[in-house]
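Here the structure is laid out as structure tokens; the discussion comes afterwards.
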């Protein structure tokens with residue numbers, strides 16, 4: 001039946017999108033690509049607040065507000081981890097009338113979005129973080145904190161460096177006022193630099209089932225890599241070379257032959273079905289002050305706490321029922337609470353799982369998940385480069401996305417000097433690189449990056465540029481050996497629910513089940529869902545339940561006889577807690 005619908009609708013869809021060719025190119029907002037173009041800050045795209053996902057996110061936020069007016073027995077909740085997931089969990093628990101206490105191991109908040117200042121006063125960031133219109137829970141959070149004006153929205157386009165035309169860019173420009181999915185169709189069809197019309201049409205058979213069947217079709221593709229999916233639906237190789245390689249490295253820092261197709265389809269589904277879903281925004285300054293601090297202030301105003309420099313050494317359990325007895329900290333102190341939330345990265349959680357839990361299928365499945373490595377680079381130049389005001393896909397073998405932050409971000413703005421922030425990915429063999437760049441020196445990484453920039457932009461950088469080109473005056477390299485979970489084929493079925501089989505223990509983190517994968521939105525939503533579990537239990541309301549564990553894990557659990565003693569977190573440096581660590585020459589800076 002589905003295939004019959006696909007066949008009958010295929011010609012209709014192709015005809016519809018071809019009709020969009022009649023839309024004038026002037027309707028698309030064209031960005032001047034060959035000069036420094038400074039654009040006014042765009043308002044929040046109005047259509048993001050009219051989507052079903054926005055309404056669903058707002059309804060969940062409202063649920064906490066309602067609980068906050070009726071909660072008679074507030075719970076004290078200990079939350080391990082002060083990244084976005086832990087902070088979001090605490091924010092919504094405080095809205096619901098509970099008392100959350102966040103324990104962050106490091107002296108900076110934000111987890112994978114953390115940043116710190118160096119001796120020059122420059123902010124060093126763990127990663128280049130972009131906000132999408134298709135981030136409804138994040139957008140609700142900004143609205144609830146009254147900080148929407150801190151988002152610098154850019155014109156609605158996706159910009160790519162032209163690999164075969166050094167120094168040039170091309171973009172998919174989304175025409176304003178055109179509804180979804182036709183605005184994306186127009187953006188793709190009106191760009192003739194990357195794919196031919198025939199190649200664009202050959203994308204339709206693989207994408208149409210996503211539109212017709214929705215999430216069920218997307219979830220079924222989790223077992224396939226991007227390349228396997230392309231072969232299954234007869235997509236030309238150039239679609240991978242022109243589009244999917246860039247998307248894969250941007251979404252999960254990994255090459256398409258190792259990336260689950262469900263990741264790409266999840267992003268495309270949001271972008272196709274939400275008119276402003278792919279529009280991007282930059283935070284107008286550093287993450288700790290401009291995003292994390294307002295959340296912390298909100299939590300404190302409701303009676304909660306956020307404590308930094310407090311690493312957990314172990315989770316102690318009651319012998320009678322396996323519930324959490326208390327948390328022990330590295331400084332020897334202990335804390336008891338009514339409920340406990342792990343908002344740690346999956347690789348850190350696995351090191352702290354109590355022996356009594358280690359054979360339970362729910363916790364055993366975590367062995368199938370691990371973080372993917374990534375490197376973030378910031379380069380300061382002695383002059384202003386030709387800048388695009390927004391995110392750029394480099395389409396480089398070494399680099400993923402980048403931005404000139406001196407143009408894109410108000411706090412880092414400069415009219416005469418550029419600061420490029422770049423994502424170096426893939427950076428290890430597990431992600432598709434032929435070299436383990438995580439183990440390389442800073443000098444090696446920076447040298448390879450600058451050489452790649454000289455290849456992409458020969459008129460501005462490198463020995464071939466006039467007068468030797470722009471001079472690099474400062475650089476930083478931040479390694480994250482275990483970033484977001486590696487979304488390789490078949491991982492989705494091992495992601496745990498927020499609710500666990502332990503009565504007083506809840507799991508947050510972007511790796512836990514939610515529909516936005518490993519992202520800022522996924523982290524916020526996971527923390528929000530963890531808070532919902534606690535609120536539901538507090539008032540005796542039926543919860544979403546514990547997600548069924550895959551049969552392969554249940555079989556392992558039945559055959560496993562020995563418990564696994566937790567190894568704990570070793571060391572007090574950032575990467576020990578899943579964070580990014582900055583190298584400076586021969587020294588390592590520990591924020």
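Each Cβ is built from the backbone N, Cα and C atoms, and glycine gets one as well.
Those TrEMBL annotations? Automatic predictions, nothing curated.
TrEMBL annotations:
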- 85, 104, 105, 312: FAD binding site (BINDING)
- 546-564: compositional bias 'Basic and acidic residues' (COMPBIAS)
- 577-591: compositional bias 'Gly residues' (COMPBIAS)
- 84-534: domain 'Amine oxidase' (DOMAIN)
- 546-591: region 'Disordered' (REGION)
- 1-28: signal peptide (SIGNAL)
Worksheet item: Over the domain 'Amine oxidase' (84-534), what is the model's mean pLDDT?
Response: 95
Worksheet item: Near residue 85 (FAD binding site), which residues of its chain come within a Cβ-Cβ distance under 8 Å, counting only those 6 or more away in sequence?
Response: 111, 343, 508, 509, 510, 523, 524, 526, 527, 530
Worksheet entry | Maximal Cα-Cα distance (Å) across residues annotated as binding FAD, namely 85, 104, 105, 312 | 17
Discussion item. Beyond the listed site residues 85, 104, 105, 312, identify every same-chain residue whose Cβ lies within 8 Å of the center of their Cβ atoms for the FAD site.
Written reply: 79, 80, 81, 82, 83, 86, 102, 103, 106, 111, 310, 311, 343, 344, 577
Item to complete: Count the residues of the region 'Disordered' (546-591) that DSSP assigns to helix (H, G, I), to strand (E, B) and to coil, and report the three numbers in that order.
Response: 13 helix, 7 strand, 26 coil
Worksheet entry | Neighbour count (Cβ, 10 Å) for residue 104 (FAD binding site) | 26
